[in-house]
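Taken from Swiss-Prot as is:
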- His21, His57, Glu61, Asp120: Fe cation 1 binding site (BINDING)
- Glu61, His76, His80, His115, Asp120: Fe cation 2 binding site (BINDING)
Amino acid sequence: MAHLVWQDDLNTGIQVIDNQHKRIVEMINHLHDAQQGKEHAAIAEVIEELVDYTLSHFAFEETLMEDAGYQFSRAHKKIHELFIRRVSEYRVRFQAGEDVGDELKGLLSRWLFNHIRNDDAGYVDAVRHSMSELVKDKSEGGWLSRSMKRFFG
């Protein structure tokens with residue numbers, strides 16, 4: 001498997017999410033490089049980093065969805081939980097001495113791109129709207145400022 005290449009159709013239009021997704025792609029590519037060098041310690045480090053970063057990315061993404069009132073946020077969170085379980089199983093197998101590199105890279109690349117194009121695409125409008133409302137609210141002085149103007153002129 002060659003390095004994964006970011007494609008424009010993976011962009012959600014939410015810069016912070018796109019940057020996090022690109023970072024995950026970089027980590028998958030680091031896994032490939034470590035595996036090519038047959039560096040067990042480097043592979044272990046990349047797997048741990050991937051799991052940790054993905055967990056924090058999912059938590060961030062889930063918070064954005066919940067804050068936006070995205071109606072399928074609970075189902076989306078379940079998808080994340082199932083994925084983390086699968087990746088954790090690979091981590092355990094690797095720690096037990098099994099060579100799971102190719103299998104894990106295949107899962108990660110297929111799952112990530114499919115997830116972004118299908119599952120993540122579903123929340124984009126709600127989150128972008130929510131974020132624009134926050135920016136608008138802030139530019140208008142926020143709730144307190146508007147309330148003070150309304151009550152005290």
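Note: Cβ is positioned from N, Cα and C throughout, glycine not excepted.
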**OP:** Between His76 (Fe cation 2 binding site) and Asp120 (Fe cation 1 binding site), find the distance joining the two CA atoms and give it rounded to the nearest Å.
**Re:** 8
Original post:
Which Cβ among the binding-site residues (Glu61, Asp120) has the fewest C-beta neighbours inside 10 Å?
Top reply: Asp120
Subject >> Cβ-based neighbourhood (8 Å from the centroid) of the Fe cation 2 site, residues Glu61, His76, His80, His115, Asp120 excluded >> reply: Phe58, Glu62, Met65, Lys77, Ile79, Asp119, Tyr123
Subject >> Between Glu61 (Fe cation 1 binding site) and His80 (Fe cation 2 binding site): CA-CA distance (Å) >> reply: 10
Original post:
Going by C-alpha distance, which of the binding-site residues His21, His57, Glu61 is nearest to His115 (Fe cation 2 binding site)?
Top reply: His21
Original post:
Considering the binding-site residues His21, His57, His80, which residue's Cβ sits among the greatest number of other Cβ atoms within 10 Å?
Top reply: His21
